[in-house]
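Data block below; observations after.
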């Protein structure tokens, strides 16, 4: 029988140095009892967790060699399924760089309660520099397991994988507008993504918003999950740092009205969608907006901006003289985010 540890959404568990699993025989995946952590043996129940929330928390295995191990299946499902990530309150972060970025941010905040629940490392690997301060248990895995969990054929560059709790800065709204209004510490600069389905673009935009010190990102319906494996890779862990809300147009309008925010939307200079005439992005426009609370809405390259966005926003285009009508949304977004950041933050 195999045992696994999972944290549901909203749970807070501090993993102490005395709670790591006791080594076990190869491939069995059986760990020891963590200090102060109740155990629940689940066997093959991992396969049924997609239809209901997982148990509160279970033991970590100490070593895994088989790709068919239930814990491995749990990790793969975390990587592939947005609904499973939400039900578990956890995400899989592949690669040392984003793990270090997230941990560094936690340290800068002075937050001692690490979001790392567990580290996966190859058999025989020593604790990596930069992660030795973590008290989270380490599960040693075979190369075939590392490939299965990471989804990569080549694992030469993958030194570690982390199971992390979804950050407290992420909110998936249902109907509660009041929560949305209190979510962002400041709503002076808010990036709004309208139907961005490409995870690479979404992750890059969140990373750029973090780099230029915007206050948060609001994801309208049809956006991809910010904790998608490709989005996490593109964001380098910024999805764990920037406040992110997933909600509806109604939620956004409530936030906009409460904070008296102006709304701009990136849009091609010439368009056949019947939209209003655009103005050009310029230093003068940026200066005039420097003291204004602002929503910047960016749409996908295919469908573009939704009808609601076109009607509600002032449309702004990036002037281009090179013969192209538009840029990739993550490239254009980076320009907008840089130009429209408040003067005091430049």
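Every residue, even glycine, has its Cβ placed from backbone N, Cα and C.
According to TrEMBL, the feature compositional bias 'Low complexity' maps to 17-27. Positions annotated as domain 'tRNA/rRNA methyltransferase SpoU type' by TrEMBL: 190-338. Annotation source TrEMBL lists region 'Disordered' at 15-51.
For the domain 'tRNA/rRNA methyltransferase SpoU type' (190-338), the DSSP-based tally of helix, strand and coil residues reads 57 helix, 31 strand, 61 coil. Over the domain 'tRNA/rRNA methyltransferase SpoU type' (190-338) the predicted model carries a mean pLDDT of 88.
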